[in-house]
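Structure first, then comments.
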Amino acid sequence: MDLPILSVIIFLPLLGALFVSILPKKGVRLLKWSAMLFMLINLALSIYLFILFGGKDIMFVERVSWIESLGIDYFLGVDALNVLMILMTALLFPIALIAGWERIGLKGESAKLYMALLLGLESALVGAYAALDIFLFYIFYEAMLIPMYFIIGLFGGERRIYATTRFVIYTIIGSLLMLVAILVIFFKHYATAGVFTGDIIALSAVSFAPGVKVFLFFAFVIAFGIKSPLWPLHSWMPDAYVQSPSSGSVLIAGLMSKVGIYGFIRFAIPLFHDLGEAYAPLVMALAAVAVIYGAMIATVQKELKRMVAFFSFSHVGMILIGLFSMNTNGVEGAVLQMANHAIIVSALFIIVGIMADRRDTTEIADFGGIGSVVPKLSTLFMVTILAAVGLPGLNGFVAELLIIFGAFKSSLVFGILVASGALLGAICMLWMYERVFFGKVTKKTNSSIKDLSARELLALIPLIVLMVWIGLFPGYFLNKIGPGVERYTKDFSAYSEAVVTSDFESPPILTEETTSDNNESEIPDSGGLQ
Amino acid sequence: MEIVMPDIQLLALAPEIILIIVAFLMLFFGPLVGGPNTKGGPKVGGIVSLVALTGAFLINLYIGQDEIVTLGGMIVKDAFSLYFNALVIIAAAFSIIISFGYINRFGIKEGEFYLLILFSTVGMMLMGSSADLLSIFIALELMSIPIYVLVGFRKENLRAREASFKYFILGAISSGIFVYGAALVYGSLGTTNLTAMAEALGSNISPVFLLGSAFIISGFLFKISAVPFHMWTPDVYEGANLPITAYMSVGVKAAAFSAFLRFAVVDLANTGDSWVLAIGFVAVATMSLGNTAALAQKNLKRLLAYSSIAHVGYILVALVAGSEYGISSILFYLFIYIVVNLGIFSLLVYFSKDGKECETMDDLAGFGYAHPLMAVCMGIFLFSLAGIPPTGGFMGKLFLFIAAVKGGYVGLVIVAVIASGVSVYYYLKVMMAMFEKGKDKAQKIKNPAAAFVVVLAAIITLYLGVMPGHFMELARICAAALF
């Protein structure tokens, strides 16, 4: 058998966590570098995985029976829906580590704990993305709460305990509800097929009485809605984002919130595709509220971290609208935007974190006109903001365009709402930028703040490069995810069947069995920019 | 009247006999080996007890899982009783191990400490093997009376005396109720043997039998501290010595469950829905009360007491389902519960200073930084109690809920899930208390015995969370013995 690359990507960080926890506590540099080494190896493996990945199949499948009596398998695989996020996870961890390199400011045990928690979180996140067994997914999904709880609770701001408790309780209530739903589906499958299985693909074939089905569907919507977050389940979000240490905000907003969206894509919609279609207007309406309301709230924030948090909330709503438009453009946009949003929001939080390092404040009013003092920082911030608001040539544009197209195809109203949400977001961000960077320096203390250090540049440059790269050459990425997404949206159950027939060898080659009868006109995937 | 001596199979009873003999030897020769006022006295007793328990454990394994009926049908040794006997022996042994670092610090000099544990353990083992209401009663008393004494072992401590008194009075009343129930059952069926009862029951269930069963169940519910018979639990947990609280919270509970399950499966299964409703109601009340009352607690022992009440509620959810799968999931859950609770109490013993137990949230402050390994273990235990993967507690809850959903009790599972969600809050509060900043007490603690139990328990908890398959299979085989 080939190298079980997915298992390696999942468990290498965990091994790293164990490794750093046995290192001597005095050598903080050694701790950091060891953690970094593990993360970089993982990044290299993920890039390799991404390069090898191609097309519509589920690849790199690993399947071993795990809890035999219940038919629960250790079942992993990569397809168009998760490949980008696995890459992003592996990328953002070292970046978050570099960004918090000095800020951690911890000695001995706490530094050790911090590194171990980061590595443990990476394991759980990749695991959640790669799992194709519903129980396995659930286990990783829940397990990532543990390190995140400590990252916020131990290393966060003033109100960290309040924020982290609230975050965990919201998430747990959602996921326990999901667990009940999973159990019901699991038994219904057993009752009809006579075998236990946690295989998401097999479970998607089960049929239910209409009332039960609606309950199950909404159990998933609430669980993933809390995680994403979807309006009105978001009230844990501002505190958690703001109270996290900067690197924590990067991970929670950049990666953990995506697990919620990914849950919709991988579980809620395929398991209940007809309900997904039936209730799409409802979910899209909630997401549209998030888009508009989030952008408006972001505009009036006086504090940068909160502003970025609400801006991110607004953009997550946009991704969900794309997803629930349930057509190829929308879903493709959503999948790509998940990665884009991870990049952009991480960059925003890192920059805000850097500003907080300099001045111990993130109030907008405490800055003003610092553009001339910190040219590097203001330039990179500008690029990030332009990417965030969807300027052509940067990554935000391609995906947002696809989402807006998808939304318009599904309904005119949502198209208009998404488009205006994007506009509001742009206003909010640019206005903030103007207040912080343009004009004369308003406060004396600001005239001497330092520009970006080499370490900070090192954290930001890869993100900026990706923004430009995806913006200019989206084709490379869209070609990877396009075929898979197309099959996904063409017929959700056919997608499942196609996967079910695979022989679970690594990597399996699936025969093309769905003929193209879909006459949807497609947007050229490069958006004419290539 | 001719008295016929029943056929006695000594091998089947050998584990209990060994413990009894050793306990009596300790009683007689204890003062010779080390008098009450010599330093080594209690410790020698502890080591002797450990050796005896190990012997009992090995013989228990040697007996094997084939069913042996002895003492005129009063005692049954099968895979089910084997399982529970192993559990209570483990509970006793580890409680003794953690008491080593404790007794010196708290000035416990009496060697009786250990022989009382041994007597009580024999009672617990007989609970799991009893197949007759009378032998259950005898076992119940043999288990309980030494515990009443052990709870009040710190004689100078007012709380301990009060707790012991309270437990004794309430325990005596519950025993009385149990016997009353047994009498009613005998009156209606003419037998107290569980198997014979099941045969005699058939389809005609008299009100007298139902009333008797209700009384018997009340007796069990008292011992497992289910609502509304739970009131003694927080006070007794708080008053007792930490090792004894640990021993009670796992041993008594496991033993009471073993007899309860046998009674439930053999007899109540025939009476149909009437008791399902009652137990279901008790389960809901137990989960809700346990979890909500725990929210407000600042004292860790009280918090753990309420948490243990809540866990009984979860277990009852699976009991309602009543199937073989349900029983096996209960066996699995009880094991993981025992491991985790022993771990937590060992941690509290570990953190206890001379003469002062670690029992409030404030006492924990700073330990997270000073003793990171212990903090990690505590995290594993608390996450396991809260039912968060990848810990054994999650798998345990998953199996319990699966059993209930399988039985069609989705409503009960939803209540359990909500209760479980609430519980996360107070478990996390304990976790955070360890990382209170600014109270970094980097004091040196030397208690290798307790540390050993903590780490071992943490490893088992994680192992069962990741690889529950084999153990679940074992639980299934043991549960099958009842059916």
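Keep in mind that glycine also has a Cβ here, set from the backbone N, Cα and C atoms.
As recorded in TrEMBL:
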TRANSMEM  A:6-23  transmembrane segment
TRANSMEM  A:35-54  transmembrane segment
TRANSMEM  A:74-101  transmembrane segment
TRANSMEM  A:113-132  transmembrane segment
DOMAIN    A:131-421  domain 'NADH:quinone oxidoreductase/Mrp antiporter transmembrane'
TRANSMEM  A:138-155  transmembrane segment
TRANSMEM  A:167-188  transmembrane segment
TRANSMEM  A:200-226  transmembrane segment
TRANSMEM  A:247-272  transmembrane segment
TRANSMEM  A:278-300  transmembrane segment
TRANSMEM  A:307-326  transmembrane segment
TRANSMEM  A:377-405  transmembrane segment
TRANSMEM  A:411-433  transmembrane segment
REGION    A:506-530  region 'Disordered'
Range from A:74-101, A:138-155, A:278-300 with the greatest count of C-beta pairs under 8 A to the transmembrane segment (A:200-226): A:278-300
Cβ pairs under 8 Å between the transmembrane segment (A:113-132) and the transmembrane segment (A:6-23), at least three: yes
Proximity of the transmembrane segment (A:6-23) to the transmembrane segment (A:138-155), 3+ C-beta pairs under 8 angstroms: no
Of A:74-101, A:138-155, A:247-272, A:307-326, A:411-433, whichever stretch has the most CB pairs under 8 A to the transmembrane segment (A:278-300): A:307-326
Cβ contacts the transmembrane segment (A:307-326)/the transmembrane segment (A:411-433), at least three under 8 Å, sequence gap 6 or more: yes
Recorded stretch that, among A:74-101, A:247-272, A:411-433, has the most CB pairs under 8 Å to the transmembrane segment (A:377-405): A:411-433
CB contact flag for the transmembrane segment (A:247-272) and the transmembrane segment (A:138-155), at least three pairs under 8 A: yes
